[in-house]
Amino acid sequence: MVEKVLIVKYGEIATRGNNRHIFTGKLVKAIRKNIDSEGDFYVVKEQGRLIIESRNGEMDFDRIIPKVTPIFGIIAVCPGVKVKDQSIENIREVALNHMREHCSDKNYTFKVETKRSDKRYPMSSREVSADVGGYVFNSMDNLTVDVHNPEIVLNVELRNDAYIYSKLIKTFGGLPVGSSGKAVALLSGGIDSPVATWLIAKRGVEMEAVYFHSPPYTSEWAKQKVCDLAERLACFTGSIKLHVVPFTDVQLYLLDNVPHDKLTIFLKRAMVRVAENIAERENAQGLVTGDSVGQVASQTMQGLHAISSVCKMPILRPLSGMDKQEIVDIAKKIGTFDISIRPYEDCCTIFVAKHPETKPKTSIIEKIESKLTDLDGLLEKAVENIEVFEY
Ligand code: ATP
Ligand code: MG
């Protein structure tokens, strides 16, 4: 019997050593989460790769592949077939059918590459390649052999079962989530912060997200947008925990008690303080924001200094050196753009200064802040009332 399977390759280096089973376990979980709604599948661990198989024989690659390729730590996926009967006669036939199905639309150069983990197999890898290659070549007239630089590599892998595939679809790559610690991302509904979150998660950092919600100045729709962004990001990371912090009281208090042109800096410092508090509780080692140098008044070097100085943890700002268009391009590629541009503003105009300070002095900000006697209490109250969502 020939079964369609999706072969999933992951980065060997990132998953070496004792942690390997933890990372492969996480990959399996992430895959299952992304494909469960698509049918009745199971995932098998096979020496250095994962195999997605279907219980009822149905495997629609066009639907499954886009669900699997986003997951960080996976380096490629290969649509292929699995057979139990590893006799050379059967392998030849299955290989030929596979090539007919996938590679008969035009002329191709090809070669066969065989991997054989069962060393008792009666033929060497080289012999299998030559045999299968010769058979396929003689049966199809659009193929020529090129062992150095072929367009198609027909892979024959003889393991517990035999696997045959010819197409390797590269993914985003990245490191398996959790291999580089954990961070808390400040996720607004804008275009930038989801991209920043994605970039850091790509390097193997497990992410949690925090959103500061100020009803009625920010609507339920704005909050829903952030929830949808978190859900989208979870397709890449396997899961994301989103903390929604009620921030209205803090925001109104700052509005009444700090110079209006510096309000954004105080707001951001308050957000960072809460985010750091969450990070400490969740055993995270850093924060992530979507700041890009020079994009708005608070994102000057002076602004970033005034914001960063409120916190001990590193604040990662992967968009620091990117132009808006570069950020937009990534947002489109990862599917967050369309969610981000839904027209629900995340900031009411009463909190935005007409002429915001672009060169705040940290010492002055700190001096003003030290007189804000109610701030600590309001931040504590906000933290106590956090609402948590898991995606
Ligand atoms: P974005 O497109 O991510 O909203 P932005 O260009 O609008 O960013 P700012 O509004 O200055 O820039 O925010 C800078 C960063 O501060 C954001 O990228 C995000 O990380 C964080 N941030 C701002 N507002 C919020 C919020 N309401 N909740 C969580 N994080 C926020
Ligand atoms: Mg914004």
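Note that Cβ sites are derived from N, Cα and C of the backbone, with glycine treated the same way.
Feature annotation from TrEMBL assigns domain 'THUMP' to 62-169.
Here K268 (ATP binding site) comes close to S298, I307: these same-chain residues lie at least six apart in sequence, with C-beta atoms under 8 angstroms from its C-beta. DSSP assigns K268 (ATP binding site) to a helical segment in the three-state reduction. Residues annotated as ATP binding site in TrEMBL: L186, L187, Y211, F212, K268, G290, Q299.
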For the domain 'THUMP' (62-169), what's the mean pLDDT in this predicted model? 93
Have a look around Q299 (ATP binding site) and count the other CB atoms within 10 A of its CB, chains all included. 23
Which one of these binding-site residues has the most other Cβ atoms within 10 Å of its own Cβ: L186, L187? L187
Which residue counts does DSSP yield for the domain 'THUMP' (62-169) in the helix, strand and coil classes, in that order? 37 helix, 34 strand, 37 coil
Farthest-apart CA atoms of L186, L187, Y211, F212, K268, G290, Q299, residues recorded for ATP, distance in Å: 19
Residues that sit under 8 angstroms from G290 (ATP binding site) by C-beta distance, when 6+ apart in the chain: L186, S188, G190, I191, D192, S193, P194, V195, A196, T197, R317, L319
